């Protein structure tokens, strides 16, 4: 008969004394020692160590050489080799950052109005009917205006990626300018609470942005399948959790 004893470092049981590696950006490691002790005159102990290193999205799978783990959110995941070109990598880093921010705003804009309408605070259409509303201009006119404005913004953002700091000065109102900073984190008026772009904050923002992009895709697919919004689907599921599920929906 044998007993299995698990020995863990004290830091595991004191989460307040240390932060996870993916939050701190350090090359932290997770150590677990397992000891197997046989009851008898002679006890034998064996142990092994498991290490989770920065830049390994799957432990044991080597990351590409061009992904060193120095970037926020870099876990070595690039199966198609899209970031092998350094110039492409610069663009992908900023593209993911901006799309994640838009996704977080979009998901909040899809979910919160539906929730507030359901509880009677406001009365607005669902996100999928918002385009049917009558605005101060036609939808085609608004599309053209939006296209021109976003084209201007994206051109300047690309210039900032190619030559950091080159667009900090307002081209029209010369008295306004942004402080020098890292690309993608302009500061100034875009950072009213004066949050510092620490490695921990960058990791959290990217994690939430990636989750929001998946949530946005899920909301769109969910509506195409059920014809309802995310909050309505949640309420329907909670009313009968064993029968109102994705299984019954596809059946």
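Using the three backbone atoms N, Cα and C, a Cβ is placed for every residue, glycine included.
According to Swiss-Prot, the feature chlorophyll b 1 binding site maps to 57. Residues or ranges marked as chlorophyll a 1 binding site by Swiss-Prot: 77, 96, 210. Marked as chlorophyll b 2 binding site by Swiss-Prot on the basis of similarity to another entry: 101, 144. According to Swiss-Prot, the chlorophyll b 3 binding site annotation covers 138, 154. Under the heading chlorophyll b 4 binding site, Swiss-Prot lists 157. The chlorophyll a 5 binding site annotation in Swiss-Prot covers 204, 222. What Swiss-Prot lists as chlorophyll a 3 binding site is 205. Marked as chlorophyll a 4 binding site by Swiss-Prot on the basis of similarity to another entry: 208. Annotated chlorophyll a 6 binding site per Swiss-Prot: 237, in sequence order, evidence recorded as similarity to another entry. Annotation source Swiss-Prot lists phosphoserine at 35. Summarising the annotation, Swiss-Prot assigns transmembrane segment to 102-122, 135-155 and lists sequence analysis as the type of evidence.
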Secondary structure at residue 237 (chlorophyll a 6 binding site), reduced by DSSP to three states: helix
Binding residues 77, 96, 210 (chlorophyll a 1) - maximum C-alpha distance in whole Å: 14
Residue pair residue 77 (chlorophyll a 1 binding site), residue 57 (chlorophyll b 1 binding site) - Cα distance, angstrom, rounded: 6
77, 96, 210 excluded, remaining Cβ within 8 Å of their centroid (chlorophyll a 1): 73, 206
Close binding-site residues near the residue listed as 'chlorophyll a 3 binding site', where close means Cα within 10 Å, chosen from 57, 96, 138, 154, 157, 237: none
Top Cα neighbour of residue 101 (chlorophyll b 2 binding site) in the set of binding-site residues 154, 204, 208: 208
